Amino acid sequence: MYKDLNTSVRTLMTPGPVEAEPRVLRAMCTPILGQFDPEFTEIMNETMAMIRSVFQTENQWAFPIDGTSRAGIEAVLGSIIEPGDRVLIPIYGRFGQLLTEIAERYGADVVNIETDWGQVFNPQVVIQEMQRVKPKIVAMVHGETSTGCMQPLQEIGAACRALDILFVVDAVATIGGTAVKVDEWKIDAAIGGTQKCLSVPSGMAPITFNARVEAILLERKKIERGLADPSTYQKLQTRVIRSNYFDLSQLMDYWSPARLNHHTEATSMLYALREGLRIVLEEGLTVRFARHKLHEQALVQGLKAMGLEIYGDPNCKLPVVTSIRIPAGIDGESVRHRLLQDFQIEIASSFGPLKGKIWRIGSMGYSCRKKNILHVLGALEAVLIRHGAKVYAGRAVQAALDVYDNIEV
Ligand SMILES: *Cc1c(COP(=O)(O)O)cnc(C)c1O
């Protein structure tokens, strides 16, 4: 009655999900192990060590949350925010709004500052606001996939540490594609994603946090135990971590040698993440980040040679997402439709105020390679011509090849 699953082989040039590494997909076919099987706990330990390496941290705590990237965000924010806690969230795109929405659901007293989309914050503006608002937590997005901008974090991290404020960073889009230096930038908790620059399917969120965060978790766990005393019950109840699934204090026991049972680990996803991280570390972080920059340059030069305008401030461009202004009079969705139908290529539109105004091209992980960049440029040129757009025909692919020929030996 239902046909065999037989999906098209697409060229995925969106900011996620991107094409999975073939080795990752093969790893997912590995037989299932019990979650306390010593072979499996060894895989858990290796994965934790590799997560530390990609986050460039010495933190003891580094493990995946089962669920998509926002599950990682919820686990971190929900485990450290107590009702009434003040949280400062600077917004420069859609995912700053997501941090706000999650923090509010856990009862935070959120203070937002906003800057125009297509820009990032001058760190001094954030630091001044921190001094004024005196929050417990500052939560920020590192790479805003909705606009294609990347926020410098080092100065803000240093200021947070000096003022004893916790610094939480959404590095979902950047991890594995550009540097995320958790220790050097004094990030207290960071959340990554799998389906972006790690080229693993969606379904897990690697996170890391330090002893400053751990202290809060242990304190809240102690409170949970104290609930047995009826005289303090009412007062303490509101301070207990609200989610069971996302309770980091329980997850610490699950991912530590104690191995206290929590949920059933997502076996095949863990195989996938382990393989994805292994590929990242085999390539080496420096080489991998340089590869992403090279293909970004080829893409940008190609788009400009065609006569298209890159959206956003070039000084804060996110290297793994390139946003393009949709030329006047062109139906952006119709262009995306033909790219998919005729060329098997998917690029993205955007959200909110940018809907219908920009396209976004991801160059992430396994999708970030010469063949894909050249294909997307050639196809976009052809489709734009079909739509009657004025482009400089024949130049885009040549400009990209110039970048490759000049850099590759
Ligand atoms: C994709 C993305 C998310 C959300 O990830 P899901 O896996 O869809 O939950 C959060 N933050 C940023 C910056 C992202 O790019």
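Heads up, the Cβ atoms here are built off N, Cα and C, so glycines get one too.
Note that the structure is predicted; figures quoted are calculated from it, not measured.
Pulled from TrEMBL, these are the features on record:
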BINDING   Arg360  substrate binding site
DOMAIN    36-349  domain 'Aminotransferase class V'
MOD_RES   Lys196  N6-(pyridoxal phosphate)lysine
Where's the emptiest Cβ shell within 10 Å among the recorded positions Lys196, Arg360?
Arg360
So what's the average pLDDT for the domain 'Aminotransferase class V' (36-349)?
96
Measure from the CA atom of Arg360 (substrate binding site) to the CA atom of Lys196 (N6-(pyridoxal phosphate)lysine) and give the result in Å, rounded to a whole number.
14
Can you see whether DSSP assigns Lys196 (N6-(pyridoxal phosphate)lysine) to helix, strand or coil?
coil
